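If you check Swiss-Prot, you get these features:
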type	residues	note
BINDING	C73, C75, C88, C91	Zn(2+) 1 binding site
BINDING	D467, D469, D471	Mg(2+) binding site
BINDING	C817, C891, C898, C901	Zn(2+) 2 binding site
Amino acid sequence: MVDITDFFKKTNKADSSQAFNQVRINIASPEQIRSWSYGEVTKPETINYRTFKPEKDGLFCAKIFGPVKDYECLCGKYKRMKYRGIVCEKCGVEVTTSKVRRERMGHIELASPIAHIWFVRSLPSRISILLDMNLKDLERVIYFEAYIVMDPGLSPLHKGDLLTEEMLQQAQNEYGEDNFIVGIGAEAIRTLLAELDLKSLRNALQEEVNNVINSDFKRKKILRRLKLIEDFIGSGNKPEWMIVTVLPIIPPELRPLVMLDAGRFASSDLNELYRRLINRNNRLKYLKKEEDGVPGIVLRNEQRMVQLSADTLFDNGKRGKAVKNSNKRPFKSLSDMLKGKQGRFRQNLLGKRVDYSGRSVIVVGPELKLHQCGLPKQMALELFKPFVYAELERCGIATTIKAAKRIVELGTPDVWNALAKVIKHHPVLLNRAPTLHCLSIQAFEPVLIEDKAIQLHPLVCTAFNADFDGDQMAVHVPLSTEAQLEARVLMMSTNNILSPANGRPIIVPDKDIVLGLYYLTLSIDGEIGEGRLFGSMAEIHHALFNKVVSLHSKIKFRKHIINADGDKVMALVNTTPGRLMLGELLPDGDNISFDVVNKVMTKKGISAIVDMVYRYYGQKATVVFADKLMKLGFKYACISGISFGMDDMIVPETKSKHVNDTLLEVQEFERQYSEGLITSGEKYNKVIDAWSRYTDRVANDMMKGIAAGDQTSVGLTNQERLNSIFMMADSEARSSVTQIKQLIGSKGLIAKASGEIIDRPILSNFCEGLTVFECFIGIPGTRKGLADTAVKTKVSGHLSRKLSESAHGYFVKREDCGTTNGLIITAVVEGGVIVVTLAEQVLGRVAVSNVYCPITKVLILQQGEMIDEYKVELINTAGINSIKVRSVLTCELQEGVCAKCYGRDLSTGKLVAIGTAVGIVAAQSIGEPGTQLTMRTFHIGGAATRGVEASSFEAIVDGRVKIINPNFVVNSNNKSVIMSRSCEVILADNVGQEITRYKAQYGSILLVTDGQEVTKGTSLVAWDPYAMPIVTEKSGYVMFKDMIDGVSVKDIIDESTGIVNRVIIEPKQGRGEVVLRPRICLLDQNKQPLTLSNGLEAEYFLPVNSILSVEEGANVSAGDILARIPREFAGTKDITGGLPRVIELFEARKPKNHAVIAEIDGCVKFGKDYKSKRRLILQPNDECQEPIEYILPKGRHVTVNEGDVVKKGDMLIEGSPVLQDILKVMGVEALGLYIINEIQAVYRLQGVKIDNKHIEVIITRMLQKVEITDSGDSNFVIEEKVNKREVINTNKKLKVKGLREAQYRPILQGITKASLQTQSFISAASFQETTRVLTEAAIAGKVDKLEGLKENVIVGQTIPAGTGFYINEIKKIARQRDKEIIAAKDAELQENNTEA
């Protein structure tokens, strides 16, 4: 452990005794400050303006802080190294290096104590809590506005009472001057703090907290004070040290004074702040020495001035207005030097400027190999200069470094030869900003080029997210052998084949390469040489050369294939010469079937091939294959001559028909609206959906049209008829259906700046041209897209930073933790469609237990086995629906995670290595797509993308229906209306194995019966997507209750139609009036209330905004709709809409209009209502449990009725559930699965794939704290939030001693809070709220064990991840071995001494 000031001192790496592994921060005592100091600064002067030498005893004094020049005293008497260590008797300066001016500190002896503003103003104010005072009262004492009673003596005053000048005069007159003692200023506060007996105060508070029962506020206040006292006792700090009597002065080199032209100086603001303080302090000292006596008011004013100048020095602007300089800019105080982006932490310690680096524009280098980059000669010479000098000297071309320098300046051929030798096998690092993930920095072998731009291999563009429209990249040279080795082994572009985010290949061909391969693998009817038979590739090349066949001719080829029995046989294959040329590139072997390349190649297909080559043949073969693929793609992209032409833009003929059909639909909705059948909101949603369907239909016809090619021109070959635009879109090389739809279909629906969709689409396309009106409504959406790019990129970037901050200290620490817990993984189903298969989710995970085939009972997976591609195929074949796998969330390691719980390292495809920084990888994987997708918005130009609202579930395969909880009634239209809130429709195969299940919502129509056999596409359940119905269970007559016009119900007249809708409103009631609960009651023919199946009256409560569908007195049948609750209008679905949801989840914020969930299984009852709240009581099934009462807002729709049976976790009010509630009720696993599904839904919408384990890592960091519910015999305070690891370790010690253990419950924190409350105060301080974090840490005397990445970077040590992890492990083993050897030697010596 080291003192924090030792950071100023240079550590000698060779001397291991100076190395440290933890750092403690404390409040400095006056004695400690004096021990740091090399002398007292008594003068405010800096340097002499004539001699430019530091003034003696001033802020730059050479006697105190050290010599200005190396080994030279100020007066010049002693010069050079031979006098090292001598103190000049004339000027008093020690002869040493000038670097000591960066380390040596001075001090000021204050004439009057001052309160440190961090302990006064940093909320909560530590001094005010400790003295149990109000902050305003404390400030009045410190700033000499009021006196405080320190000892009441014989007077009736109390200790701590505040007295103004008048009150003091009155008290002195009444009780006498000597009968009580008062004080003022920081000195009085210091005395009060020094008088505190912390241990007895702690005992008194512990008793007091046990006696407080009713007041929650009072209890929290006592606990806060108790926690602070515990911190002081534990750290050894004394409370009076928060009042400063000796002020340290930081070394002069850290607050420089720089000479500019024309004799002017630029000075750090700190010098001015110190100068003001010294002047005031000196004046106060002088006033105190005056024998005549200075009036008290003058003295107090001067003391206040000293306090104010100290406040400005510590934290300018913390209290009142910031003090400004002559340029009207606030002075930069010590606090400002630390915090923010320009502060010491983020500017100088975490982000340093790098030597041996350069930057230039990038251009494409298609002739490079994957591991190479083109480096301009001049740039390379500048970067590798020292190496070139050494090479010239070694070869005997230059005798000295000076001579080598001259030769390099001349630029002789020897220099270039030396440079070529030097850079051979010396990798360089290329970095493209923004560095969003680890693939933004990769290593390459440089190839010297004559240009002035860096050449980049096309296949790494995806990883760097680079294009060649003016992008720049930085080059860095790894200097040491270790750095070069790491660059080559870990960072080489050939090692970065798979994406760490999802495990898919990232060096996949793109753009023109894909287009070339697509063209090459096309199969066209009627081409020359169709039907010919070939036996070898030589024949194919010969035939192509002689133009006997074309690339696209349908031919037969004799080839070895693997048959169904797994035997190698010769067979004739129907293919094309182009596909055979692609197949020729595959590595030798039979692992990849020719069928994989015997089809038209799109981007997805090519990616699949690269993936297969990597899995079956390894890294080297993949790199070679990718390079060959790229060259082939470029070649045929060039030969194809595919280009973008006006004639390729064919507007679909059916467009006008689709427009007319949709207009008729819209007119029908207008009619329904004008007749009052639907509301304005429902009409809006239906119109939006109609136009969404229209654009989809036009897009389909458009793609069919351009796929058919040019059928009108005469004399064209089939190849010439191909449509270039279709080929670009179909191959996924360039453009997308969305963009082509705007060109030759319809631009479609447009979003307003607010995100709401305009219900009138742009029917024209860019090929036909827009009307003035269409252009006008299209402009805001386009501009919004561009504005979003700027605004949302910042939001996404901040999310990335917060994620990294919360997870940077999370590594793989062990091979296996031995847990038997895990997550049960099933396929993700949305609207009855499997969007993510089980196989995709479990790939690369480790099985918790043995998995058997449900039919044959054959063992498929063993416990502890990793699920690879082969096992995934077996799982699919066996039809398994769920598997329990190891998860980061359930890992039982106290620190970090074990390799088995993490599973596969997605960037290598193997089990994760110990020491991998999985936290950082997770943060980058989640943050990077967010940034990318916000930047992608502007390519679509404001067109709104919104999926049509689902209104039914359809069978995804043939099967048999099974209905669970089938509570339904048959309505007047002979339809089965579901009345249960827990009804589920299960689709099973012929064997009875469940394929998928659908949760049928209340009020939906059941279209099938239990046990019915259905075919694929059959509708199972249907519902109204725009409104939630309130349905009657019984037939009867309607009676309204508590519906008073203008009070609880309102007639809303639609201005455009004149239709009146009766809408429930928030009842306007005064105090003491009867509470109104608008509801519909059902009566029988005798006007008596009907009873439901649960024995209660048939009453249906109506929430605010529900629209009545029946009139009073109407006769209704069971299953009829009484009222409708409109759903919200839909906005656009894109990442800018989704990112706030992701942030809301990661920050664990409470959603607006959140859901309320049932905490236990039980029966619903409604209690007596409050004025604006409803009381719901959940009667538990278990009689041992207490009923739970929920107070619900009246306006919200309660999804349950009286007598309903609910399960734990069911929603009582609709909305997004609060994450903390899920954790409390359902546990960690349920919380994890909910967050994963919600976040994946946002990214899935954009086609981004992120592995679940990355989200799991972040959730684990959010769950690292627990709340103490019972402190037992520990030092923890009840309701204190502590690190889980700390509690477990404490409990272990208590258990050994036979004492009571502390009880706790898990709590969920947002990533920002988790980052600020991390174990490392250095990491937290460098993130946000620097002053608050350091204040807290200093009081508690926190120890930073330097376990994360940031804290090690800040203190300049090797990070404990990757290579650093193994170095640390080797050092640990070596230390242990040394201890054992020393212990053995000691024992041997002792034995020898005994014998002697």
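Even glycines carry a Cβ here, placed using N, Cα and C.
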Between D469 (Mg(2+) binding site) and C88 (Zn(2+) 1 binding site), the C-alpha gap once rounded to whole angstrom: 63
Lowest local Cβ density among C73, C75, C91, C898, which the record lists as binding-site residues, within 10 Å: C75
For C91 (Zn(2+) 1 binding site), the one of D471, C817, C898, C901 that lies nearest, given that the binding-site residues are compared by Cα: D471
Chain-mates of C73, C75, C88, C91 with C-beta within 8 Å of site centroid, Zn(2+) 1: A62, L74, G76, K77, Y78, K90, G92, V93
Among D467, D469, D471, the most crowded of the binding-site residues [Cβ within 10 Å]: D471
Of the binding-site residues listed as D467, D471, C817, C891, C898, the one whose CA lies nearest the CA of C75 (Zn(2+) 1 binding site): D471
Integer Å distance between the CA atoms belonging to D467 (Mg(2+) binding site) and C891 (Zn(2+) 2 binding site): 41
Distance, C901 (Zn(2+) 2 binding site) to C73 (Zn(2+) 1 binding site) (CA atoms, angstrom): 63
Candidate nearest C901 (Zn(2+) 2 binding site) in space, where candidates are the binding-site residues C88, D467, D471 and distance is Cα-Cα: D467
Whole-number Å value for how far D471 (Mg(2+) binding site) lies from C88 (Zn(2+) 1 binding site) (Cα to Cα): 58
Binding-site residues compared (C88, C901) - the one with the fewest other Cβ atoms within 10 Å: C88
Residue among binding-site residues C817, C891 with least C-beta crowding, 10 angstrom cut-off: C817
Three-class DSSP secondary structure - C88 (Zn(2+) 1 binding site): coil
Rounded distance in angstrom between the Cα atoms of D471 (Mg(2+) binding site) and C898 (Zn(2+) 2 binding site): 40
Listed in sequence order, residues not in C817, C891, C898, C901 with Cβ within 8 Å of the centre of the Zn(2+) 2 site Cβ atoms: R814, D816, T819, R886, V888, T890, E892, L893, V897, A899, K900, Y902
Cβ-centroid neighbourhood (8 Å) of the Mg(2+) site, D467, D469, D471 excluded: I362, A466, F468, G470
